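> First, the structure itself, so that you have it in front of you.
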Amino acid sequence: MLEKKILFPFARIHNPMLVEAHLENGVIQDAFISDTLYRGFEQILEGRPAFDMPYYTQRICGICSSVHAVAAAYAVEQALGMNVPPNGLIQRNLIMGSDFLQNHIRHFYLMSMPDYFKGPDIYPFIPHLEGDLRLTPEEDQRMTEHYFQAIEISRDAHAAFGVFGGKAPHGHGIVPGGCTMHVDADKINRYRGYLVKILEFIDNVMIPDVEFLAERYPEYVHLGKGNGNFLSVGAFTQPDGSTLFPHGTVLNDRHQPFDDRLITEEVTTAWYKSTKPAHPWQGTTEPDKNQPQGYTWVKAPRYQGHALEVGPLARAVIAKEKIIGYGAIGRHWSRVMETKKITQAAMIWLERLVPGAETLNTKVQQESGMGIGYVDAMRGALGHWVKIEKGRVKHYQIITPSAWNFSSRDEAGTCSVGELSIRGLTIKHPELKEAGRVIRSFDPCFSCSVHLIDGKQLRTLDVRV
Ligand code: NFE
């Protein structure tokens, strides 16, 4: 029997996602995943002072603000020929590292875990999303305690962000040329204090919890895999030029270097004015809700024509690190392990900060130019492309990680890794809980694609979390 199910708004992700699943005899045959709000940032940025880009673009999102600041700063620095002092580079890594930590801890416990345990009869656990819950009452109780601890620990990660960023989210510390915060022993010690607490939580609570989850729900380690093609653009540039996360691609099981020129974006089935597939230097962002095949505001980024998976699992594959699976819990496992990697690196970065040394160099070589800023963000590959004329933005394009993972379909009909990952899933739960487990494992963020709301369509919704 054929059945069409629509879930909207899809809860426990960042912002409004609509999932339309086509089922036959309880198995998902196809799915369309739609971002229902429009992002107008490319237009908002045009004509504004290039030096303001880290501040403006951070407003794209509240959960991944620092990565936009860093990508924008890189792009402007490349365009104008600027050099960042080592203290500035390290400070950026510390700001961004703490942002990754708050994100991953929050995502694992607050967004994803409620798919696997019941919780007590209080908000936010009621009404309960019953079905296929495998924890004993004692284990459930333990997971509930960890859920509430995670709120405090992710707050500590935000406090660490504030040490060098001034505040979180949308910190004030990252600007073209470096960072604004004076480095002293007090700040280093405060940041280290938060890190010690976070690392203890990761070692004693979070890693055991993800391993426990993999043991209790073993099929989900593999269920929900993508197409096996991965991208990382690298992140956490260090003063010696190396990056903590390497960049690269895996296409048809072959590791290859990443080449920016092979990226295109197209809008065949997205609500934009029709254009040919184009590199972001040529790409435009002109909304057109009348596109006959349109079903989402997310464009279709492609690499040599391939839809790619991005995020912690992709980074682990590209870095040739241990993975336990390519499915939903495989992604969670890689994300959790990444928190440990970042925390350990941050301990070393702290030691390399030089109290009193310069953190910022605003000298430019020219007032016009073109620059690219790549950062592998919490959810994966993020790119900013800027053209600057006489200090002002002439052209800006952004491709976010969730645009890679949840793109619209392209001219050839190829769907995103996110849509592909739930095809073939057997659904028993009336609210597609099985698909929810898989979709959330990507840590989708549609707020990176959301900035103007159609006020006429606003309505109040009952949302089950
Ligand atoms: Ni809004 Fe973001 C990240 C960016 S989009 S969270 O990570 O860029 O997926």
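Glycine is no exception: its Cβ is also placed from the backbone N, Cα and C atoms.
Per TrEMBL, Mg(2+) binding site is recorded for E42, I398, H451. Residues annotated as Ni(2+) binding site in TrEMBL: C61, C64, C445. What TrEMBL lists as Fe cation binding site is C64, C448.
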> Nearest to C448 (Fe cation binding site) by Cα distance: which of the binding-site residues C61, C64, I398 is it?
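Going through C61, C64, I398 one by one, the Cα closest to that of C448 (Fe cation binding site) is C61.
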> Based on Cα distances to E42 (Mg(2+) binding site), point out the closest of the binding-site residues C61, C64, C445.
C61
> Select, from E42, C61, I398, C448, each of the binding-site residues with a Cβ positioned under 6 A from at least one atom of ligand 1; if none does, say none.
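Result: C61, C448.
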> To the nearest whole angstrom, what is the C-alpha distance linking C445 (Ni(2+) binding site) and I398 (Mg(2+) binding site)?
14
> Do you know offhand how many angstrom separate C64 (Ni(2+) binding site) and I398 (Mg(2+) binding site) by C-alpha?
14
> Distance check, please: Cα of C61 (Ni(2+) binding site) against Cα of I398 (Mg(2+) binding site), rounded to an integer number of angstrom.
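I398 (Mg(2+) binding site) has its Cα 13 Å from the Cα of C61 (Ni(2+) binding site).
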> Say we define neighbours as other CB atoms within 10 Å of the CB. Which of the binding-site residues C61, C64, I398, C445, C448 has the fewest?
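Lowest Cβ count within 10 Å among the binding-site residues (C61, C64, I398, C445, C448) is I398.
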